[in-house]
Amino acid sequence: MSEQHNQPGFTDQSLIRNFCIIAHIDHGKSTVADRILQLSGIVPEREMRDRFLDRMDIEQERGITIKSQAVRVPWSYDGQEYTLGMIDTPGHVDFTYEVSRALAACEGAVLLVDATQGIEAQTLSNLYMAIDHDLTIIPVLNKIDLPSAEPDKHAEEIASLIGCEPSDVLRVSGKTGEGVRELLDRIVVDVPAPTGDPDADARALIFDSVYDSYRGIVTYIRMVDGELRSREKLHMMGVGTTYDPIEIGVISPDMMPTRALGAGEVGYVITGAKDVSQSKVGDTITSTAHPATEPLPGYRDPQPMVYAGLFPIDNAQFPELREALDKLKLNDAALIYEPETSVALGFGFRCGFLGLLHMEIVSERLSREFGLDLISTAPNVPYEVTAEDGTVHRVTNPSEFPDGKIKRIVEPMVAADIITPKEFIGAVMDLCQEHRGTMSTMEYISTDRVEMHYRIPLAEIVFDFFDQLKSRTKGYASLDYHDDGEEAADLVKVDILIQGEKIDAFSAIVHRDKAYSYGVMMTKKLRELIPRQQFEIPIQAAIGSRIIARENIRALRKDVLAKCYGGDITRKRKLLEKQKAGKKRMKMLGHVEVPQEAFVAALSTGEGGNDRDTKDKIRAAQKSEG
């Protein structure tokens, strides 16, 4: 076969194999991807670095994959040159939506399992997703070079899970490269070729997009039918816009322009559009010369699990925050946001996230990539509140909570799957009960590991549940959760009052049993953070009109007796009474300004906050105030 036949746009569909690598966090997906890039020779030895496909600084620092990356890899088998389309996916539960989009662009999935850890919660979750997409599963044990690896034991676990023989489970080492060649051969043999029609009208599915400040929107596509040529006009079927493409190409592993993309291939299109609303993940691209009549089925829009407010420390940065969120939305289809105003914090956005890690990554990317200093409010989940007059309110922010009598509050629930060694069953049960969880079933997946299924309110999981689960099980337990309907609960809104005024940024919706502890925690924290004034300041926590906790910030006092050396007690008493009357009048007229740094510190180290940059933010707040 001539060299021409393996060029992008001319590759015979029967020689294409599209696959993704799925696994639990830290099971070695990115390392195996590195070895595949090295073996295929598309990355020269001197340019190779660890976690080659993790392009973001945050990914490199944290050692986690956040964005899926699609790469075209050549591979020879039995004297025939094949083209492999490889997608490296994230492993964390917050980025499941990234994984589901990657699965829709493939025909096969490499299920990677750490030979020292075995099957974990995300392994199962990703496996079930791959089965839902009808993908061919290739089971692989990674890290077999480690002394603590137990490949035989875990090969049997995997075999019983997916219904194959233990001998069918491949054994590789991402570190040494052992077994990777056999894995690539197995992909060529087992993964089916794409089934699109190369002669039909062109249809390509957008599965991701990024913003390039020089060239505009870069759209990642999977060709399903027909072909797209670089000189033809393109039509976005969902948005209804038409473009002359600046460039069409493949990623191998850097962008490589080509003349065309054919059926079954994965590549990119640069349209030159700068308007971020013009590229929607899940849309279908077709050619205006031979337009398709039916668009491809897109993706189900992800539902945010957690809401939080993002406010610029300097209010003048509000337009920049809007622009930054628009650009980030291109690259992160799961992020949703709308403008909001807070009495205390000014203008900002109410953002919806898939989880706490997702929230932390978004705030960090906004501050790094766009140079913004932000305050994020405590995370909330969406509630449905029915007032006594029958009106229903959807509440994503405590300030939207209706006043007056409440008939019913419904909160979102999740089905949590926890896998843990059997010696920690008691500790996990205690933790779930403390967080209002109810157990549904429990089964042993091997002689020493248990899978427990719980139904838990989402509000209990989004704060510190995962950290506590890890600490109580010495890091061995793993957690996966998904939406499981709603349930009525006894919830209340706790307001924080300073000098009798409600401060909306500190309000929270909590379970009645935890209302007192939240009130005590916030009042104590604010007492330390708010500077003393010339008069006494009461800090109160209230449910409706009932005060449940109180702290006082004592008044600063000038020593009015300093000039009295001895003398009559009535003279001293007169001066003290005069001071007292002045303080009383000041207390009635005085207004307490809560400094910006107090907001930053109280919200960053609140229950949900795990913000490591609190001190930097406080400094930035002080600068912007000064």
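Cβ atoms here come from the backbone N, Cα and C positions, even for glycine.
Residues or ranges marked as GTP binding site by Swiss-Prot: D26, H27, G28, K29, S30, T31, N142, K143, I144, D145. Taken from Swiss-Prot, the feature compositional bias 'Basic and acidic residues' covers 609-626. Residues annotated as domain 'tr-type G' in Swiss-Prot: 14-195. Per Swiss-Prot, the feature region 'Disordered' maps to 603-626.
Cβ-based neighbour count (10 Å, all protein chains) for D26 (GTP binding site) stands at 15. Largest CA to CA distance in the GTP binding set (D26, H27, G28, K29, S30, T31, N142, K143, I144, D145): 17 Å, whole number. Counting other Cβ atoms within 10 Å of each Cβ, the lowest count among the binding-site residues S30, N142 belongs to S30. Long-range neighbours of I144 (GTP binding site) (same chain, six or more residues apart, CB within less than 8 Å of its CB): A115, P151, R171, V172, S173, E178, G179. Residues near G28 (GTP binding site) in space but far in sequence (CB under 8 A, at least 6 apart, same chain), listed by position: L112, D114, N142, K143, G174. Mean pLDDT of the predicted structure over the domain 'tr-type G' (14-195): 77.
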